[in-house]
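Colleague: Please find one structure pasted underneath; my questions will follow.
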Amino acid sequence: MSYQPNKVLEVFDNPKIERDFIIQINMPEFTCLCPKTGQPDFATLHFAYIADKACIELKSLKMYIWLYRNEGAFHEAVTNQILDDLVQVSNPRFIRLKAIFNIRGGVYTTIITEHKQKNWTPKAKVDL
């Protein structure tokens, strides 16, 4: 079965909508192209989110991320675009995306961006 890059992000119903639980997703093989040189840029993407009504379907996320392999994008722009697209399709209570780009020209770049619903307040954290 062949899969193709796809801009369509899919969601499914949150199975425990009454509970704030954290979903973490790590994608170590993100690739895009430097818009200045055309050279590939590699990053590890770390997602952490608290779903509201919908959870992000992982296969569609993989195919969506794969779409960037042949697109030129600045690190800051692509990280924020991914977050915006995830917010648009799933409207999570909270989401954070941390993109850790591999070294390029002696420079490491890490972009962290997040979104929180206006009226959502996190529950008190319990450390055990």
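Note: Cβ is positioned from N, Cα and C throughout, glycine not excepted.
Swiss-Prot lists these features:
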ACT_SITE  CYS34  active site, thioimide intermediate
ACT_SITE  ASP41  active site, proton donor
BINDING   ILE56, GLU57, LEU58, HIS75, GLU76  substrate binding site
Colleague: Taking just the CA atoms, what is the gap between LEU58 (substrate binding site) and ASP41 (active site, proton donor) in Å?
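Modeller: That comes out at 22 Å between the alpha carbons.
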Colleague: Highest CB neighbour count within 10 A among the binding-site residues GLU57, GLU76?
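Modeller: Buried the deepest by this measure is GLU57.
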Colleague: Tell me, which recorded positions from ASP41, ILE56, HIS75, GLU76 are within 10 Å of the residue listed as 'active site, thioimide intermediate' if we use the C-alpha atoms?
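Modeller: Close recorded positions: ASP41, HIS75.
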Colleague: When you look at ILE56, GLU57, LEU58, HIS75, GLU76, which the record names as binding substrate, what is the longest CA to CA distance in angstrom?
Modeller: 24
Colleague: For ILE56 (substrate binding site), what is the secondary structure state per DSSP, taken as helix, strand or coil?
Modeller: strand
Colleague: Using ASP41 (active site, proton donor) as the reference point, find which of the binding-site residues GLU57, HIS75, GLU76 has the shortest Cα-to-Cα distance to it.
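Modeller: Checked the binding-site residues GLU57, HIS75, GLU76; minimum Cα distance to ASP41 (active site, proton donor) goes to HIS75.
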Colleague: DSSP three-state call for ASP41 (active site, proton donor): helix, strand or coil?
Modeller: strand
